[in-house]
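Notes follow the structure.
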Amino acid sequence: MGCPCGKTKFMPQRYIIAILCMTGVILSYGQRICMNITITEMTEKNGSRSESCPPRNSSFTKGPKRNISGGTLHWSNREQHYVISSFYIGYVLAHLPSGMLCDYFGARYPFLIGLTLSTLITFATPLLCTTPYFVVIASRIIHGVAQAPLYPGISALFAKWVPLNERAFLGSFSMAANAFGCVLGNFLTGATVHLIGSWPIGFYLWAVIGSVWCVLFALWAYSSPAVHPFITDREKAYLEGAIVKYSTKMKIPWKGILTCVPIWAIVVLEIGHGFTVYTLLNAFPKYLHDVLQFELSENAIASSLPFSMQWFSAVAFGMFADYLIVKRGMRVILCRRLMAVFGMVPAAACNVLAGYMMCNAELAVLMFTFGVILKGPVFSGSKVNHLELTTNFAGLVMALCNGIGAISGFLSSAIITAVAPGNTLEEWHLVFWIMFGIAVVTSIFYWFLSSDIRQKWDYPEDELDMYEKAAEERRAKITVSKPE
């Protein structure tokens, strides 16, 4: 399939690729979390009435509550958490295969096929919810498999499309768009369900949006500049000179990758980052609904608010990170560490403070919002760090880091189910302290064990002399910097 518009000169193709990746992230998160907001209307309300907050009296809750059609599902709190978290089973299991496919065959088709399948499952979800419970669980697992190529695909594309001096900005621009996905997933879904008065409409909305995106991606996205039919000769020549030569036909150095300490530093931080994000992503609407007593329309806005500014924060810090590296000469690894740690610990502290706002819902949501905004620097820290470690296996390494990190999605639901079975304020205080402890421990691990050095296993055999030359240059710099 080709686009009739020919070579595009009004915007470099690498920026079009970044925009498609950004909107793909928004789409995938919107489809992923559509269940998280609609489940509050699909199911009976569970929780401890005596130990949660009193009913709210706001402009959103005045008047009779609107009845939402589509049927009521009799799922317990535990079953609801399983429905939400089962997505991450498929997401984790399919990550490595997705990364391998993206690196070997190019990211275009794994990315496109995955989000096409995700769109089809989203459309079918209302029908699937009328079937036995285990069918819904199975569909959520398959949904996770479908979205597994998302971040490995972006990494594989960026390794071939984006030069070093633009990676922090474009990486933040694209990968941090999950914030917009969360905003739109919560707000558009909740507002549409409330307006139409039917919870299935939320799934149909995201299926339509997904169909449009898939057509645009098929028209404009290609795996590398070498095969893109619309790239200008000038941009192609620039990228060929600015990006490290890559070879997608190398044998995968499993031993080197799996024993690479800097990769495991990223993995550990991804687990800490993911635990905070997935707790807010998956459980926040239920917390607002069952504990703070938010109704659907108010819940949709409050669930969206914490994520509404994260993308702007991530892009701003991405530009700042590029400035520090390119203009101020800061070491790449120091910049990555500062961004990652600053995006972890202060954010987790805000979540703890939010819990102690008790039933003051406005202040609680405000603290959660500050916490998510402060997550922005992570996207110009650990999220792009793997691109310094490898060029040839960027998709695979991203799959390893993000895939294992996504285990925290299931871990988060399991801990919430165990620690907060009654959805009381006291139980949630403990959940937020656990989030803070995990953020501190994983940040310390990343600070001391991360690296920005391209690893030896990433070099083809005929280029090992380049690795040795780079190692000699590093040793020379260390020798020169030592005081006499």
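Even glycines carry a Cβ here, placed using N, Cα and C.
Keep in mind the model is a prediction, meaning the values are calculated, not measured.
Features reported for this protein in TrEMBL:
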type	residues	note
TRANSMEM	15-39	transmembrane segment
DOMAIN	16-454	domain 'Major facilitator superfamily (MFS) profile'
REGION	46-65	region 'Disordered'
COMPBIAS	49-61	compositional bias 'Polar residues'
TRANSMEM	82-102	transmembrane segment
TRANSMEM	109-135	transmembrane segment
TRANSMEM	175-197	transmembrane segment
TRANSMEM	203-222	transmembrane segment
TRANSMEM	257-281	transmembrane segment
TRANSMEM	301-326	transmembrane segment
TRANSMEM	338-357	transmembrane segment
TRANSMEM	363-381	transmembrane segment
TRANSMEM	393-418	transmembrane segment
TRANSMEM	430-449	transmembrane segment
Inset, instruction - Flag the pair the transmembrane segment (430-449) / the transmembrane segment (175-197) as in contact if three or more Cβ pairs fall under 8 Å (sequence separation 6 or more). - result: no
Inset, instruction - Mind checking which residues of the chain, 6+ beyond the ends of the transmembrane segment (363-381), have their Cβ under 8 Å from one of its Cβ atoms? - result: 168-169, 171-172, 175-176, 179, 269, 273, 276-277, 280, 284, 288, 292, 302, 305-318, 320-322, 335-344, 346-351, 353-355, 357
Legend entry - seg_contact(the transmembrane segment (393-418), the transmembrane segment (82-102)) with at least 3 CB pairs under 8 angstroms, min sep 6: yes
Legend entry - Contact call for the transmembrane segment (301-326) and the transmembrane segment (175-197): at least 3 Cβ pairs under 8 Å, seq gap 6+: yes
Inset, instruction - Determine which recorded stretch among 109-135, 175-197, 203-222 has the most C-beta pairs below 8 angstroms with the transmembrane segment (15-39). - result: 175-197
Legend entry - Per-region confidence, the domain 'Major facilitator superfamily (MFS) profile' (16-454) (mean pLDDT, whole number): 86
